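Feature annotation from TrEMBL assigns compositional bias 'Pro residues' to 16-31. Residues or ranges marked as compositional bias 'Low complexity' by TrEMBL: 32-49. If you look up TrEMBL, you'll see 75-91 marked as compositional bias 'Polar residues'. The feature domain 'ARC105/Med15 mediator subunit central' is assigned by TrEMBL to 92-211. Here TrEMBL flags 238-345 as domain 'ARC105/Med15 mediator subunit C-terminal'. Sequence annotations record features per position, and here TrEMBL assigns region 'Disordered' to 1-91.
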Amino acid sequence: MMSSASPGQVPTPQSMLPPPQPQPSPQPPSSQPNSVSSGPTPSPGGFQPSPSPQPSQSPVPGRTLQVLSPGPLNTPGNPSSVMSPAGGNQTEDQLYMDKLKQLSKYIEPLRRMINKIDKNEDRKKDLSKMKSLLNILTDPKTRCPLKTLQKCEIALEKLKNDMAVPTPPPPPVPPTKKQYLCQPLLDAVLANIRSPVFNHSLYRTFAPAMTAIHGPPITGPSIPARKRKYEEDERQTIPNILQGEVARLNSKFLVNLDPSYCSNNGTVHLICKLDDKSLPSVPPLQLSIPADYPEQSPQWADDSQQYEANPFLQTVHKNMTSKLLQLPDKHSVTALLNTWAQSVRLACLSAA
């Protein structure tokens with residue numbers, strides 16, 4: 001039998017155990033305040049605690065909490081703030097289609113890039129990625145998340161320089177020369193100037209126009225063919241020595257060819273006139289120049305009937321005959337004409 005503890009006795013461990021506290025229940029809080037039990041809890045060993053006075057807890061009045069009315073707060077926990085699944089899918093589809101339309105500009109460059117590296121064994125990995133990108137952009141059945149599509153856009157931006165097709169530089173343009181109005185016509189003339197029918201083509205093209213502008217060409221009178229041929233024959237039979245001598249004669253002697261004679265045998269027939277203001281007029285002198293002149297002397301065609309008209313002409317004829325006898329066997333036309341002029345002058349002196 002255990003005796004009661006005296007004031008000087010040390011309490012045992014069992015007597016020093018604190019009373020157990022009540023555990024809170026996991027029930028939702030109620031509007032009534034919780035009551036705290038003040039009764040002693042029996043110890044596990046069945047001992048009663050020492051009869052020490054326990055202070056009783058006075059009930060504390062609880063504070064009144066103002067509860068806000070539920071409203072549509074935009075919080076993650078608020079169910080009303082979450083969009084409906086149908087509206088979210090529609091917005092995401094629209095963004096996806098817009099992004100896909102924006103990336104459609106890379107389809108053709110990406111195809112060219114794939115064809116370019118298709119035969120390159122070292123870039124098989126890059127080729128597979130590019131084909132996947134092309135499949136996403138071209139096949140509407142192939143659907144990927146929007147974030148994946150944005151990553152594809154970044155990858156395509158990096159490949160933009162590689163996919164760009166280098167534009168060849170424009171061919172050098174030669175400096176244009178000043179184009180003249182008639183340059184096409186000049187080019188055509190230069191291209192055909194060596195043609196054998198070039199002159200005929202020019203005449204056929206421009207002759208009607210030139211005739212209409214300037215009229216018919218101005219030409220001299222046509223010379224009969226026979227007479228022209230005769231003059232050419234006469235011109236060819238005159239020796240050069242005779243032509244030079246006649247050109248050096250005194251201006252008072254006028255020498256011309258005798259048109260009544262034909263020089264088929266090479267003989268040249270001349271008619272000489274004396275044009276001297278200090279001497280009277282006398283009949284012309286007819287000379288025959290042989291073909292081998294000056295090896296042979298010229299001959300005077302003596303026409304005595306012309307000098308039978310008056311005594312003065314008879315004197316001229318007489319003086320002319322006597323002086324010709326004084327000339328050497330080989331004499332020139334100039335010497336013969338000077339003898340004729342002296343005979344006329346002597347006849348004038350005799351008449352005075």
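Every residue, even glycine, has its Cβ placed from backbone N, Cα and C.
Where the annotation comes from TrEMBL, it is an automatic prediction and has not been curated.
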Model confidence over the domain 'ARC105/Med15 mediator subunit central' (92-211), averaged pLDDT: 78
Helix, strand and coil totals (DSSP H, G, I; E, B; other) for the domain 'ARC105/Med15 mediator subunit central' (92-211): 84 helix, 0 strand, 36 coil
Counts by DSSP class (helix H/G/I, strand E/B, coil) across the domain 'ARC105/Med15 mediator subunit C-terminal' (238-345): 41 helix, 19 strand, 48 coil
